[in-house]
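Heads up: the structure comes next, in structure tokens.
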Amino acid sequence: MKDGHARGSVTGAIELEPQARNFPTSSKEQRLNGTSNATTTQDVHMEREPDLETLSAESQHQSPAVVAHAIEKWNEPSINIRRLFATFWAFVIMGANDAAYGALIPYLETYYNLSYTIISLVFLAPVVGYAGAAIFNNSVHMYFGQRGVAALSSSAHLLAYVVNSVHPPYPVLIISFMFAGLGNGFADSAWNAWVANLANANELLGLLHGLYGLGAVLSPLIATSLVTKAEWPWFTFYYLMIGGAVLELGLTLFAFWKADKHDFRKRTAYANNSPDQQKDNRLKQALFSKAGGRVTWLCAAFLLGYVGTEVALGGWIVTFMIRVRHGGAFASGMTATGFWIGITVGRVVLGFVTPRIGEKIAIIVYLALAMAFELIFWLIPQFYVSAVAIAIEGFFLGPLFPAAVVAATKLLPKHLHVIAIGFAAALGGAGAAIFPFAVGAIAQSKGVQVLQPFVLALLVVVLGFWLLLPKMPKSRD
């Protein structure tokens, strides 16, 4: 009850008086405020770099120097309803974008007549876009707000899909995928951070990433059907993606039009700092302070390995099932759909389970089960066993990305959420590029069967990073 009362006090507060921490008060002012020299001395010591416990406390109770806001719900204020649904659609587009690579690789290989290694550049290209998003993410928020993010992310998607739809030369296709990565990078960090700061963050993030999974389910299904059943060329899939990106642009701009730079600064900025100072301070705290840097880098490393695992499996599973399990083209394409269905259902269902048993324990259990089904997938050389095992493995891999976002929001203060989650998402994007590319490069000489030991090793590393994260508070809401 005591903790609940404290959270209620913070939730109810609309604005807290900023402390003038850089200017010592006079003795007269101290007497009027009932303070003492001992208190002043204590305040001086408090200026030292915050430890992890302090940062964790700030993530639940806003720093006195920050303008604090009540924790919003998905339907309060009412504008959040359309904002939430806009982010849902953006994640559908992101999932469809990422999952299409694996389904289209066999046909890109034939169309451009390229080797495994060269064709794997489609995985490596988006990391350039993600890196650009990580560099400019905080600046876009500071100078354009979430409205700017909505415009840039959706426009980058739209540009990429228009270029892909005209089946350009392969080098141009690679550049196009960079813009797709840029769009994903901006949307990933901004919408994750926004949803993670609503009440019931675990459940809402589960739904958000479940919608990513829905896009990833539909994408290979539609792409495979267009090529194998309708016998249309691979690039016709991007006609549909153009329509989806246009809708994304309209929905996100309409929902976040009022979320300009002033709104963002008011919610997260330190009262006594200029925007440039805020940007520099946040970057240093998120990446280089002893406590904040530890959380940010561990979450980033966790997502680097996790997203790399997810996209390596989703990207190469069709080729693996055709070449190693000797399945038909359509049936093999459906195994990718089964994997993404597992991810989608896992994110939605386990999103409600995870907060009840605690993120730290839950993710350890999920990873152990995912490894078990990865072993079944690897060691039992039967097509249908492999198809079922990969779907169940996807189910237990599903909640991992939302869990890392929740960990960052619980362990870091609010003003670091956008930059920390943006950096972690960018590293995740790097994993989505580097590890599938590595599988393709190794497969060129050893065969695509290297996928299974590669994925198992990544899962072990991901578990190690998760175990290194500090203990999380039970609730932020």
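Keep in mind that glycine also has a Cβ here, set from the backbone N, Cα and C atoms.
For 1-45, the entry in TrEMBL reads region 'Disordered'.
Summarising the annotation, TrEMBL assigns compositional bias 'Polar residues' to 22-43.
Annotation comment: TrEMBL describes 83-476 as domain 'Major facilitator superfamily (MFS) profile'.
What TrEMBL lists as transmembrane segment is 84-108 (among others).
Taken from TrEMBL, the feature transmembrane segment applies to 114-136 (among others).
Taken from TrEMBL, the feature transmembrane segment applies to 172-192 (among others).
Summarising the annotation, TrEMBL assigns transmembrane segment to 204-223 (among others).
Marked as transmembrane segment by TrEMBL: 235-257 (among others). If one looks beyond the transmembrane segment (235-257) by at least 6 residues along the same chain, the residues whose Cβ comes under 8 Å of a Cβ in the stretch are 79, 82-83, 85-87, 89-90, 92-93, 96-97, 100, 104, 145-147, 149-151, 153-155, 157-158, 161-162, 164-167, 222-223, 226-227.
What TrEMBL lists as transmembrane segment is 295-322 (among others).
The annotation transmembrane segment is assigned in TrEMBL to 328-349 (among others).
Annotated transmembrane segment per TrEMBL: 361-380 (among others), in sequence order.
The transmembrane segment feature in TrEMBL is assigned to 386-406 (among others).
Taking Cβ pairs closer than 8 Å, the transmembrane segment (418-444) reaches residues 98, 101, 115-117, 119-121, 123-127, 129-131, 133-134, 137-138, 141, 181, 184-185, 188-190, 192-193, 196, 268, 282-283, 286-287, 292, 295-296, 299-312, 315-316, 401, 404-405, 408-409, 412, 450-451, 454, 458 in its own chain, all 6 or more past its ends. Annotated transmembrane segment per TrEMBL: 418-444 (among others), in sequence order.
Residues or ranges marked as transmembrane segment by TrEMBL: 450-469 (among others).
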### Query
How about the transmembrane segment (361-380) and the transmembrane segment (295-322): at least 3 CB pairs under 8 Å, pairs 6 or more apart in sequence, or not?
no
### Summary
For the domain 'Major facilitator superfamily (MFS) profile' (83-476), the averaged pLDDT of the predicted model is 87
### Query
Any contact between the transmembrane segment (328-349) and the transmembrane segment (450-469), i.e. 3 or more CB pairs below 8 Å with pairs at least 6 residues apart?
no
